[in-house]
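*Asks:* The domain 'NADH:quinone oxidoreductase/Mrp antiporter transmembrane' annotation in TrEMBL covers A:140-426. According to TrEMBL, the transmembrane segment annotation covers A:33-55, A:90-110, A:122-140, A:146-162, A:219-240, A:252-269, A:281-305, A:342-368, A:389-406, A:439-464, A:485-507, A:527-556 (among others).
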Amino acid sequence: MNLVGTLFVVALSGCAVAAVAAVLAPPRARLRLAGWCTAGAGAVGAAAGVAAVMADGMTSGVSAGAGQRWSAWLPELLPLAGVRLAIDPLGGVFIAVTGVVAVCAAIYGIGYCSHGLDGRAFQLVLPLFVAAMLVVPAAASVSTFLLAWELMAISSLLLVLAEHRRRAAVGRAGLWYAVMTHFGLVTILIGLVAFAAGAGGESFEQLRAAALSPAAKTVVFLATLAGFASKAGIVPLHVWLPRAHPEAPSHVSALMSAAMVNMGAYGIIRIGLDLLGGGPAWWWLLVLGLGAASALFGILQAVVASDLKRLLGYSTTENLGLVLVGVGAAGFFAASRLPVPAALALAAALLHVVNHAAFKTVLFLAAGSVLHATGTRDLDALGGLRTRLPYTTAAFAVGALCASALPPGNAFVSEWLLLQSLIHALPGSGVAGAVTMPLAVAVIALSAGLAVATFVKAFGVGFLARPRSAPAERARESPPAMLGAMALAVAGCAALALAPTLVVPALGRAVGVVFPGREVVSGELTLRLTGVAGMISPLLIAVTLVAAASIVLGLVRVSATRRARRAARLWDCGAGPISARMEYTATSFAEPLERVFDDVLAPESDVDVTPMKESAYLVERVRFHARVPDRIEHRLYDPLIAAVSAVGRGARALATGSVHRYLGYGFWALTAALIVLVVTW
Amino acid sequence: MRLWRKIVKTGRVAEPAPLRDPDAPRPGVAAELAGSVQIRHVDAGSCNGCEVEIASAFGPVYDAERYGARLVASPRHADALLVTGPVTRNMEMALRRTHDAVAEPRLVIALGDCARNCGVFVGAYGVAGAVSDVVPVDVEVPGCPPEPEVIVAALRGLTGR
Amino acid sequence: MSGVVGAVLQVIVIAVGSPLLVGVMRQVRARLEGRAGAGIAQPWRDLRKLMRKEAIAPHGTGWVFRAAPPLLAGTALVVAAVVPLVTTASPLDGVADLFAVTALLALGSVALALAALDTGTAFGGMGASREMTVLALVEPTILVSIFALSIRVGSTSLGSIVTATVEDPLSVISPVSVLAAVALAIVTIAETGRIPVDNPSTHLELTMIHEAMVLEYAGPDLALIEWASAMRLSVLLGLLASLFFPLGISGASTGALALLVSVIALVVKVTLMGALLAAGEVFMAKLRLFRVPELLAGSFLLALLAVAASFFLA
């Protein structure tokens, strides 16, 4: 067993130890023991992933399929099929991301869970969830993959339901999640089973070598795409995401949003690009279209959301949409025989996966810290946390800067890379490309612009200005374990933002699994694209920015004659003091955008006037109620649910409780079956 | 196009700048401002006569802006408060707060007779006093209402241009 | 070597000249309105005076409020160093391309919007909300126009785009360039807060966008913001001039005389464009805020047409 394998097995054992510790340890030590074990397991898992990416078969010049660094077949572990594992650079990227997120979430959990979440069951399931997410990218056969996938789904569902006794909304969110994730499992199951049946074997190597008819390939691709899209929170299968993320405990939200949804993208890359070996261009245009729709829809919902964690959930839909734009573009370019932009687009997609994981971890952990301190997620009731939660505010500021794709944040680098791949592909990609590429660029640009507005709102309204409610006024900073975990995630963001040149070449090796070829980028300080013109240096941008700001400050110091800064009242137009009720809220901040995108968002508002008894002209009370419903949920799912429940109600008439009647059903059913058999045989 | 013809036909409306009155009051702080005075206008209870004259002082004919004076939207941006009218009880606190909101060095101009000594409103029940009773006044401009030339001359005293 | 000198020169020209540009624009407006005007040096007098005033820290504001002005001015300076105004061979050309320039300008706006929210006043929040709305709608147009311009060159590097135009000046009158130029001109107006999107000299808080965000700043902070706004305006005008009329811009290895000529060319071009913009403002009224998206959608359509033209006419 080599380094990667050893590390991976140690990581899985660490998860097992954590699970055992959660069950056996006394309540006092349980949190610390389970938390640190899970964190250690995550760290070792991340090391395994990094080792798989760094020490790669590319150097020895072997082809992509043989580039795996470690594989194992454990026939005795499961009956019939056994467990088949293999880690290659592509899986390694996802393992590393999962591992690092797990470290942050586990350490955070030690501080976060001390009130009510320190029970055996919750602490047992968390390491199992991490272990399942580590196994999914390492699975190398259909049965292993599906098993790990289902374990991941079940354990995350249990974690989402952790607080169902406290809030009724948790149960509903869990129901949505259970239905959507199992819908996804079923379609993936259908797709992969059909694939394995066609290939005559279920290990990924056999699948890769299989020669399926184009129609069968299309069926496999579409079935698995639906399943993976539902996991990745892609429109229109995203409905579970904005419900489950706010209701889950915050470090679970971070794990789900930063690590679990990535598995959807991983599945599409692995099945579509690797195992099915590309495919016709329209597959990938479909993926690109779905990604673009998700990016726009997600960010539009995020910009009008006033629940902090719901906003972050929709932002996950947006970012995974951008990832799928990259994946779709990569597949499309590969189908149009443009290897350089294809590799570039896939590298951009992977980099965005990594970046999104980093900043979304920070943001969800900081949001959890706010929730812990104030008990509310409603941005309209927050504010003024800058003085009360200084470290959380700083962490959220970094996360928000990264998420809004501005330099010197990390998402800027991946979106830059994505745009470069789209631009450089245009001349050779035919009419379909000429129509889609500009639209894709526009979608990325619009979602970037709206992301800026979203995160200015989240940070500016939620953390700056003055508190808008009593709980926000009483907020206290979180315990050190939570702050430490946030600091770790912030450090990850900073490293990715300033030194992408260390990460992107490694991602290039992961891309090499799918598109064997040359390196994507080069350069130490400057990110230089190879094969096409284009370079940028995030580190130097940050340095010059700091230098310029310091020069400006120095100039002010030298030339200003009055050094002292006088404290004064806020300018209140001379009237009484400004109260928190006069501040702009999240809702009012988003109102102009809500108006501009009126047709898409279809906001609802109603005014309820209660007149006085004496006269209809005297008003006793006016209630104004406004909300922006999820339109897809409204239009697509509500009728569906209504139809299903109508069928259910109709079926109730059949079940009256009479035993004779049930016997009658059985008799007639048997007779009908016999008749059918006689007629058709 | 019609507007363009009108612009060409009208040409320059601003009257030639009269000679600067060397005796115009020039408080010490005004020298620090060196040719740029941003003004925030505060109506402390005026009858709007002075406002009409201020509007014409900053209009095309007298064009006070050419001497470096400019009306601004926030007292934070201002160097001088241009106060009109006797200070009514409702505006007393507001005037104090506005004065406090201006960054040092700051000036106060009491414009019109009402602002200087309550004018015809002296002793009225709603009046808290003249401007100088509420905030320190640096320059006084007499008149009821003062003519634009006088206003411009007083402003030129501050800008020194 | 001449690249470094050129870059330093253009930063100095922008830093010193941009308040004068604002002065010229005010003077043009004043003359068209029949007034005499305060002279083109008046913005510099204003800045000098603001530096002599005290800074104010309103109650309840913190590090975000304080950090915004230097950050805004810093982004404007970096952009002035990167964009090819005097020379196409700026040593920072490989550091940041057109996307990065756009994003840096957006970063400045974001800093100011957060500072406005930090004050907690209603006007601050209003200004921030509107600024972010306009920013979100401007972004697609800019990026798609960049897309259109960079297809011909095969790179988003500003240096290469401008060099390609210098070598083939007739390409400017292609439909691609014209459409992209119009689109970029509209977003430049929106980005710099000029009429018809925003009125820089308004006194009515309810109509403000940019001004509403800076209502709480005084003294040196305000000086930095005004200076930075002037620099952003002149850099964007200069960028437009360089992209579509790169006459006189100097290349990688040129002498001192050529650099001088480039500086003069830059000053002349930017002054002319500023005067034109100011004259245009006299003839126009500010749009209602909720009509602005229609204008921006129009410019986006032009940019999209530019990309289509670049593909089908190539």
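A Cβ is built for glycine as well, from the same backbone N, Cα and C atoms used for every other residue.
Curation does not apply to TrEMBL; its annotations are automatic.
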*Asks:* Hey, which of A:219-240, A:252-269, A:342-368, A:439-464, A:527-556 has the most Cβ-Cβ pairs under 8 Å against the transmembrane segment (A:281-305)?
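*Replies:* Most contacts with the transmembrane segment (A:281-305): A:439-464.
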*Asks:* Does the transmembrane segment (A:485-507) come near the transmembrane segment (A:527-556), with 3+ Cβ pairs under 8 Å (pairs 6 or more apart)?
*Replies:* yes
*Asks:* Among A:122-140, A:389-406, A:527-556, which stretch has the most Cβ pairs under 8 Å to the transmembrane segment (A:342-368)?
*Replies:* A:389-406
*Asks:* In the same chain, who gets a Cβ under 8 Å from the transmembrane segment (A:439-464) while lying at least 6 residues past its ends?
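*Replies:* Beyond its ends, the transmembrane segment (A:439-464) has Cβ neighbours at 288, 292, 295-296, 298-300, 302-303, 308, 311-312, 315, 318, 321-322, 325, 329, 370, 379-380, 382-386, 389, 393, 396-397, 400-401, 403-406, 415, 418-419, 422-423, 584-586, 589-590, 593.
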